[in-house]
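Visitor: Structure provided below as C-alpha cells; questions to follow.
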Amino acid sequence: MQIALAPMEGLVDEILRDVLTRVGGIDWCVTEFIRITDRLLPATAFHKLAPELRDGSRTRAGTPMRVQLLGSDPACLADNAAFACELGAPVIDLNFGCPAKTVNRSRGGAVLLKEPELMHDIVAAVRRAVPSEIAVTSKMRLGYDSPDGALDCARALADGGSAHVVVHARTKVDGYRPPAHWEWVARVAEAVRVPVFANGEVWTLDDYLRCREVSGVEDIMLGRGLVSRPGLARQIAAWRDGGEIREMPWSELLPLLRDFWLQARRKLAPRYAPGRLKQWLGMLTRTYPEAVELFARIRRESDCETIDRLLQVSFSQAA
C-alpha cells in the first residue's frame with residue numbers, strides 16, 4: 001500500500017511539498033504540471049517547478065518527487081520527458097485530469113479524456129522515449145462530462161505503458177463537488193492489470209477506510225484532504241502499520257506554518273507571499289479552530305511585515 005501527495009497547480013508547490021512531507025506518512029509526491037506545447041523546454045523551466053531535481057529529486061524529508069507533464073503532442077511530450085530524465089526525474093507522470101478551463105481550451109488535461117486513442121499514443125511515446133528503468137505513470141478523471149468512457153481511458157493508459165493509474169473519482173464537469181464516485185475506481189481496477197490509486201474526497205482516516213471498502217483499492221493519493229489535515233497521511237500510515245493513530249495538534253503544526261511563511265517570504269515576490277499563506281491557512285480552517293482565528297487576523301493584510309508581526313503575536317500566544 002502506498003500513500004501519495006497529489007499534484008495541485010498553484011497550491012502544492014515546492015514549499016508545501018517540503019512542509020507536508022516532513023510531517024510523515026507520504027511515500028512520494030508529484031510536481032505541479034509542467035505544460036508542454038510545441039518545443040523542448042529549457043532546464044530552467046523544469047527547475048522552476050521541480051527544484052528538487054537539484055537535490056536528487058527528493059524533498060528535504062527525503063520523500064521521492066516525480067515530475068508531471070501536461071500536453072497533447074506525443075512527440076513533444078516524449079522529448080521533454082526524456083530531457084526531464086536527464087535532469088534527474090526518477091518517474092514521469094502524465095496529467096489527464098486537470099479540469100481548468102484555460103488548460104482544457106489549449107487541449108491539455110481532462111479534455112483529452114474525450115480522446116482515449118490520443119491518451120494511449122501519448123503514454124506510449126513517452127514510454128519509448130525514457131529509459132526502461134524509469135516508470136511512466138498517469139492521472140485521470142472518470143471522464144469529461146460522463147464516466148461512461150472511464151474504462152476505455154484507463155485501458156488506453158495501461159496499454160500504452162503506464163505503470164499505474166491514479167483515478168480522481170469525478171468527471172471534469174464535476175470539478176471538486178462531492179461526492180467522489182469511488183465505485184467507479186473499483187470498475188477501473190477490474191478493467192486494467194496495473195495498480196490503481198484512488199483519489200478524491202478523502203478528508204479523514206474514516207474517509208480512507210470507506211474509500212478502500214467501496215473501491216477495493218488500497219493505494220491512495222491525497223490532495224486537498226492532506227493540505228487541510230497535514231497529519232492525515234501519517235494517520236493512514238499508522239493504521240497500515242499497526243501503529244498509534246493520533247491527531248496532529250495545532251502546537252505541532254505551528255512550527256511548520258512558521259517555516260512555510262519564512263520560505264514563502266524568501267522564495268516568492270512580496271506581492272505573492274501573503275496570498276500563499278492565506279490560501280493554506282484558509283484550507284486549515286477546515287480542521288483547526290485556531291486556524292480560523294489566525295486567518296481572520298491576516299485575511300485583509302497584504303504587507304509582509306505586518307503579517308510578520310501578526311504571526312509572531314499568534315505564535316507567542318500559542319507557545
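Any Cβ shown, glycine's included, is placed from N, Cα and C.
What you are looking at is a predicted structure, and each value in this text was computed from that prediction instead of being measured.
From Swiss-Prot, for reference:
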- Pro7, Met8, Glu9, Gln68, Lys139, Asn199, Gly200, Glu201, Gly223, Arg224: FMN binding site (BINDING)
- Arg35: site 'Interacts with tRNA' (SITE)
- Asn95: site 'Interacts with tRNA' (SITE)
- Cys98: active site, proton donor (ACT_SITE)
- Tyr176: site 'Interacts with tRNA' (SITE)
- Arg276: site 'Interacts with tRNA' (SITE)
- Lys278: site 'Interacts with tRNA' (SITE)
- Arg299: site 'Interacts with tRNA' (SITE)
Visitor: In whole Å, how far is Glu9 (FMN binding site) from Arg299 (site 'Interacts with tRNA') when you measure between their Cα atoms?
Guide: 22
Visitor: Return only the integer: C-alpha distance in Å from Pro7 (FMN binding site) to Cys98 (active site, proton donor).
Guide: 10
Visitor: Whole-number Å distance between the CA of Asn95 (site 'Interacts with tRNA') and the CA of Lys139 (FMN binding site)?
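Guide: Cα-Cα distance, Asn95 (site 'Interacts with tRNA') to Lys139 (FMN binding site): 5 Å.
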Visitor: Work through the recorded sites one by one (Arg276, Lys278) and point out the residue whose CB has the fewest other CB atoms within 10 angstroms.
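Guide: Each of the recorded sites Arg276, Lys278 was scored by Cβ atoms within 10 Å; lowest is Lys278.
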Visitor: Could you measure between Lys139 (FMN binding site) and Tyr176 (site 'Interacts with tRNA') for me? Cα positions, answer in whole angstrom.
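Guide: Given the Cα positions, Lys139 (FMN binding site) is 15 Å from Tyr176 (site 'Interacts with tRNA').
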Visitor: Cα of Gly223 (FMN binding site) to Cα of Cys98 (active site, proton donor): how many Å, rounded?
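Guide: The separation of the Cα atoms works out to 13 Å.
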Visitor: Quick one: give me the count of other CB atoms within 10 A of the CB of Arg35 (site 'Interacts with tRNA').
Guide: 19
Visitor: For a quick check of packing: other C-beta atoms within 10 Å of the C-beta of Glu9 (FMN binding site), how many?
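Guide: Neighbour count, Cβ to Cβ under the 10 Å cut-off: 18.
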Visitor: Using C-alpha atoms only, work out the spacing between Arg276 (site 'Interacts with tRNA') and Glu9 (FMN binding site) and round it to an integer in Å.
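Guide: With distance taken Cα to Cα, Glu9 (FMN binding site) is 12 Å from Arg276 (site 'Interacts with tRNA').
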Visitor: Taking Pro7, Met8, Glu9, Gln68, Lys139, Asn199, Gly200, Glu201, Gly223, Arg224 as the record's FMN-binding set, what's the max Cα pairwise distance in Å, rounded to a whole number?
Guide: 22
